[in-house]
Structures are given as C-alpha cells and as structure tokens.
Amino acid sequence: MSFKRHNYLDDAIHYYDLAQGQAPKFMVIACADSRVCPSKILGFQPGEAFTVRNIANLVPPFQHGSSETSAALEFAVNSLEVPNILVVGHSRCGGIRALMSMKRDDSSRSLISDWVSIAKSARLSTEAAAGNLSFEKQCRHCEKDRLMGHC
Ligand SMILES: [Zn+2]
C-alpha cells in the first residue's frame, strides 16, 4: 500500500509503460547479501536493470549446466538484448568466505559449498597469489580477483 500510494501513483504513466514491456539497458548480477542493494547503489529506477542475485554474485561456466543465473543471462542477452552486463561484488562476502573456507577433501558438502565451488579457480588463483596473507586478506583478494575474470 505504501508503494502504491507514494511511488506508483506519483509516476503512474511510467508504470503503465513498464506494464507493456521492458527494455532495460543493463543486466546486473549481484550477491544476495542483504547489505548489497544494486538499484540503490547504482541509482536504477524500475525498468532500467534486469537483475539476478545469488550467493557471491557468481556466473557459472556454460559447462556447469543450467542454473537460474544462466537462464537469466540467456534471457537478458537473447531476448532483452541488454547492451551492458554489470557484476556487483562486495567486500566481506559470506559466499567468498565459504569458498575460501572449503576443505580440499571436504566430504560433508552443503548446497552452499556446491554452489561456490564453481569459483574454485578464483580460490586457486588467490592461494597462488596471496597464500601467505591472513585468511581475511585472502578473502578480500578473492573478492576482487573474481571481478578481474578469474572465475
Ligand atoms: Zn556476498
């Protein structure tokens, strides 16, 4: 009711246009972390960004098979023809902490460890480049390294 009263009714023509279809200029892939609000950070209004959120803002490799993120990418690129794709990472990411905390011979896998393991190349890259640093610093390194294309 608050949205309808304070947002929708103030901009009813815009929302009517959006109801007819979308043509966003951006696709955003962001972490599901509650502290990360892509539209707030990037200043997007409804209709400007097609967004998918997952733990650690990961993009699974094509060989990994289907996932919500893969399906969203396919739709954004093939159907919406978005010209820009943004990946929004952040510091102190719990997903990256889970990735960096995984034991090599971990037999007690969880859904989270299964998911973040698709970024194991980023973990290996971090261990090779920053293995001498503290665990926290390795996590910061991995958060940034993934954005440089090692995922
Ligand atoms: Zn995160």
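Any Cβ shown, glycine's included, is placed from N, Cα and C.
What TrEMBL says about a protein is an automatic prediction, not a curated fact.
What TrEMBL records for this protein:
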BINDING   CYS31, ASP33, HIS90, CYS93  Zn(2+) binding site
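One way to see the shell of the Zn(2+) site is to take the Cβ centroid of CYS31, ASP33, HIS90, CYS93; the remaining same-chain residues with a Cβ within 8 Å of it are ALA30, ALA32, ARG35, VAL36, ALA56, ASN57, GLY89, SER91, ARG92, GLY94, GLY95, ILE96, GLU143. Secondary structure at CYS93 (Zn(2+) binding site), taken from DSSP and collapsed to helix, strand or coil, is coil. Other Cβ atoms within 10 Å of the Cβ of HIS90 (Zn(2+) binding site) number 16 in total over all chains. Taking the Cβ of CYS93 (Zn(2+) binding site) as centre and 10 Å as the limit, one finds 24 other Cβ atoms among all the protein chains shown.
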